[in-house]
Amino acid sequence: MSEKSRSDTSATASLSDSSKSPSSYSTPGTTTQKIIFPDGKLTKCLAFSAFVITLASFQFGYHIGCVNAPGGLITEWIIGSHKDLFDKELSRENADLAWSVAVSVFAVGGMIGGLSSGWLADKVGRRGALFYNNLLALAAAALMGLAKSVGAYPMVILGRLIIGLNCGFSSALVPMFLTEISPNNLRGMLGSLHQLLVTIAILVSQIFGLPHLLGTGDRWPLIFAFTVVPAVLQLALLMLCPESPKYTMAVRGQRNEAESALKKLRDTEDVSTEIEAMQEEATAAGVQEKPKMGDMFKGALLWPMSIAIMMMLAQQLSGINVAMFYSTVIFRGAGLTGNEPFYATIGMGAVNVIMTLISVWLVDHPKFGRRSLLLAGLTGMFVSTLLLVGALTIQNSGGDKWASYSAIGFVLLFVISFATGPGAIPWFFVSEIFDSSARGNANSIAVMVNWAANLLVGLTFLPINNLMQQYSFFIFSGFLAFFIFYTWKFVPETKGKSIEQIQAEFEKRK
């Protein structure tokens, strides 16, 4: 028998044998056994792998922002396309509805992709799942990029659904993959890169949409065609990245391959301490069957799953996508004219990138933790919404120019607060509180909830805003007040802690 075969057989046997002894797991996906993973450094291979993995995050952010600027142009094109396709006139109202469907179906695809991501990640691996996910991106790029040439607007709608599937997969896969390849002391920093690339991509898409770049009647298809670039780049580079060693050990039972991948990521031959910790976690996870979707809401998994869902709801029900999607409308309401709202929106995107970059550093800083940054961010957003309502009320009643400028400042404060913690932390927080056996399903459920809340806010905000005007932001104030209390009362600190230590915190906070 070869050395490789003996190693893999040994790892698999240890998983099998462990089921014959008393379990250190009371429920699948949880452990009472203390497993400590060592700290490490940012190596060239780890940095390269993180860059390649987060190209999928860029795709996610790009398609959040790329529909804003060309919306009016595409609506006009839909009217002409409908006439050519069906030889019938389409009213402006129905053209607006068709474009709204194209925008909203992105979130529907995201929900489906997010819910399916755990199955795909466990079936073909984290790296394999990203590979197949890029095929969806290429199909979507072809549909949306060629729609104008073909003259068929349903291609845009179908393309948005497919790219939504792609982004749903990546919004679960990327944080999970980053968390699994990171050393203990860099989990937060590398996990935050997902949100950083999302914010960078939103900014890039906003810049591309400017009228003197791609935001014209002839060039808007190029905005969607750009989807090909990160997809092809990731496809070309993925094979140079090691597979997740935790996945390879826990799901495939291949210790030899896991050790080889870990040596590349850590740039050292001595990975014995970390590989033994992975073996212990894999052995513990193998004691009982891998938890199914329904098991995630039972026993010891119920409490962490509930908190993971609440963290995703806190992110979306904070109103951040209202600030992002309708920022131009908000800035016009605050008194900006001409092209000023568009440039203000780009400025807001730049602030979001800068603050997210700072949060990447803060999240693993000795003086801060996940919980403290979440509380600080949610509190800042709560205060910002109250102040924004006050400024808009004064401005709408004929107040001085200072009220308009104050409203803009409060929107920026809102975005800064979001980037401090609620923007990045929920994405990798889910992977920190579950072991390898439950991580895929936990991410699937949490990401599906995130996308569902995204869709809910997107569909309901404009009707509510038409009814309540600036006072509609009080709804988000209420949500934020609740999530501040919930985070303070129930959410544990996870920085630098093992799964066992985190689960002990869960028990304290029940």
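Don't overthink the numbers, they just go from 1 along the chain as shown.
Backbone N, Cα and C atoms are what each Cβ position is placed from, and that goes for glycine too.
As recorded in Swiss-Prot:
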- 1-46: topological domain 'Cytoplasmic' (TOPO_DOM)
- 1-29: region 'Disordered' (REGION)
- 8-29: compositional bias 'Low complexity' (COMPBIAS)
- 47-67: transmembrane segment (TRANSMEM)
- 68-100: topological domain 'Extracellular' (TOPO_DOM)
- 101-121: transmembrane segment (TRANSMEM)
- 122-127: topological domain 'Cytoplasmic' (TOPO_DOM)
- 128-146: transmembrane segment (TRANSMEM)
- 147-160: topological domain 'Extracellular' (TOPO_DOM)
- 161-181: transmembrane segment (TRANSMEM)
- 182-195: topological domain 'Cytoplasmic' (TOPO_DOM)
- Gln195, Gln315, Gln316, Asn321, Asn352, Trp427: D-glucose binding site (BINDING)
- 196-216: transmembrane segment (TRANSMEM)
- 220-240: transmembrane segment (TRANSMEM)
- 241-299: topological domain 'Cytoplasmic' (TOPO_DOM)
- 300-320: transmembrane segment (TRANSMEM)
- 321-341: topological domain 'Extracellular' (TOPO_DOM)
- 342-362: transmembrane segment (TRANSMEM)
- 363-373: topological domain 'Cytoplasmic' (TOPO_DOM)
- 374-394: transmembrane segment (TRANSMEM)
- 395-409: topological domain 'Extracellular' (TOPO_DOM)
- 410-430: transmembrane segment (TRANSMEM)
- 431-445: topological domain 'Cytoplasmic' (TOPO_DOM)
- 446-464: transmembrane segment (TRANSMEM)
- 465-470: topological domain 'Extracellular' (TOPO_DOM)
- 471-491: transmembrane segment (TRANSMEM)
- 492-510: topological domain 'Cytoplasmic' (TOPO_DOM)
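This view paints the features noted in Swiss-Prot onto the structure.
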residue	record	DSSP (3 states)
Gln195	D-glucose binding site	helix
Gln315	D-glucose binding site	helix
Asn321	D-glucose binding site	helix
Asn352	D-glucose binding site	helix
Trp427	D-glucose binding site	helix
**Item:** the topological domain 'Extracellular' (465-470): DSSP-derived helix, strand, coil residue counts
**Value:** 6 helix, 0 strand, 0 coil
**Item:** Largest tally of Cβ atoms lying within 10 Å of a Cβ, found at which of the binding-site residues Gln195, Gln315, Gln316, Asn321, Asn352
**Value:** Gln195
**Asked** Are the transmembrane segment (374-394) and the transmembrane segment (471-491) close enough that 3 or more Cβ pairs fall under 8 Å, when only pairs 6 or more apart in sequence count?
**Response** yes
**Asked** What stretch in 128-146, 161-181, 446-464 has the biggest tally of Cβ pairs under 8 Å against the transmembrane segment (220-240)?
**Response** 128-146
**Item:** Two-stretch contact, the transmembrane segment (196-216) and the transmembrane segment (446-464), at least three Cβ pairs under 8 Å
**Value:** no
**Asked** Name the residues of the same chain, 6+ apart in sequence, whose Cβ is under 8 Å from the Cβ of Trp427 (D-glucose binding site)?
**Response** Ser171, Val174, Pro175, Gly191, His194, Gln195
**Request:** Give residue numbers and ranges for long-range contacts of the topological domain 'Cytoplasmic' (431-445): same chain, 6 or more residues beyond its ends, CB-CB under 8 A.
**Result:** 28-31, 114-119, 121-122, 172-173, 175-176, 179-180, 187, 191, 246-247, 249-251, 281-282, 284-286, 290-293, 295-296, 301, 304-305, 307-309, 370, 492, 494, 499, 502-503, 506
**Greatest inter-residue Cα distance in Å for the D-glucose-binding set Gln195, Gln315, Gln316, Asn321, Asn352, Trp427** = 17
**Request:** Would you mind giving the whole-number mean pLDDT across the topological domain 'Cytoplasmic' (1-46)?
**Result:** 53
